[in-house]
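Undergrad: Quick paste from TrEMBL:
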DOMAIN    95-229  domain 'SLC41A/MgtE integral membrane'
DOMAIN    309-452  domain 'SLC41A/MgtE integral membrane'
TRANSMEM  136-161  transmembrane segment
TRANSMEM  167-197  transmembrane segment
TRANSMEM  209-230  transmembrane segment
TRANSMEM  242-261  transmembrane segment
TRANSMEM  273-293  transmembrane segment
TRANSMEM  305-324  transmembrane segment
TRANSMEM  367-384  transmembrane segment
TRANSMEM  396-416  transmembrane segment
TRANSMEM  437-460  transmembrane segment
């Protein structure tokens, strides 16, 4: 196992360091005493990430992730035929943007709290509750704003191609988006906090657990809430003109309260002021993916794409979020101070150094990449066994689908290696900035590659679209 950095500590400080680092899932080995100088009362500590246990944890949690993805695929298969999805097709544009909230908010929250837990910022009950309350308030502010902006993007992207604007549908999209984002973020935020606290108590690195659970549960909860809320509000359009505007007004009116709470906590005050750029840009990127999805599934020849989109997007986003969170934690614990000039600046990584290097992050990238093929094969088998979707799983389709999935994750893991280190060198906390960009790019790449696959398959004659009807 590779040693990464060597440092010295006074003997009196060693025990506290052991307790803090052990909770982060890092093994300590004592070195020899330094002799022949004034540092004889110091000891040398070598710290290293337990890669074997990490790989085991990632494999174990990928099983729960697969179950969540199967349930999401079943959900999409049913929901795409619901009245609100057929009558207000702009709801499809909301799907990637709202599902992307798990990367913009929940997975960023998980990464932020995992790092805080690993470096000892949640050791005392007082500090822990400050982190919990501040971060919950913060993601409620972000969820309300992002949900509102996502609905505006859906209205614009739906109106521009067709030239048809309906005020009732626009307010429906706004109410559904804001309510879904708010409720989903609250539920998932509470779950994430519980997972991180439990992980620390049982000695598991939260970086390996929290982000996959946030991703798998996030898609299912968000999609279910969006379908239920939008259906209920759509029915109210016929009988009550005030229901949708009232829902929007209630959630927007609560925003100042969450802002006041988040401002009182130092750790969230900075994110409240500076953390909007990645969240909003990531939402815009995901909305472009939603536009691709909307225009593709609206064509009966490509109806089968709907059931595969959350699978390919979710897997890519989950894996890159785990990698980004691990690299960020590694830099917080072993790197030079964030933003300080590096005496040995890191060159732009190549794919070879990102995937075939000897450091721990390259090893975890290889493990995560190797999870792609078996994971997607399980998803495809599950969808096929339930006769889901609108596409026969021929060998040609599987080959194109796997190529798209592998290329998506390959690009994302490479970008994660470059982006996290680049943000760290610029003084930007990767826990707050990297995951929104990476998961949004995962949505765009996954949706784009999948749409390209369906178009190419149609051109070469693989046109079976009636399976699962």
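Glycine is no exception: its Cβ is also placed from the backbone N, Cα and C atoms.
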Undergrad: By DSSP, what is the split of the domain 'SLC41A/MgtE integral membrane' (309-452) into helix, strand and coil residues?
TA: 111 helix, 0 strand, 33 coil
Undergrad: Give me the stretch from 136-161, 242-261, 367-384, 396-416, 437-460 with the greatest number of Cβ pairs under 8 Å to the transmembrane segment (167-197).
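TA: Against the transmembrane segment (167-197), the leading stretch is 136-161.
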Undergrad: For the transmembrane segment (273-293), give me same-chain residues lying six or more residues beyond its boundaries with a C-beta closer than 8 angstroms to one of its C-beta atoms, as numbers and ranges.
TA: 92-97, 99-100, 103-105, 138, 142, 145-146, 149-150, 153-154, 157, 305-306, 309, 313, 432-434, 436-437, 439-441, 443-444, 446-448, 451
Undergrad: What does DSSP give as the helix, strand and coil breakdown of the domain 'SLC41A/MgtE integral membrane' (95-229)?
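TA: Across the domain 'SLC41A/MgtE integral membrane' (95-229), DSSP assigns the residues as follows: 121 helix, 0 strand, 14 coil.
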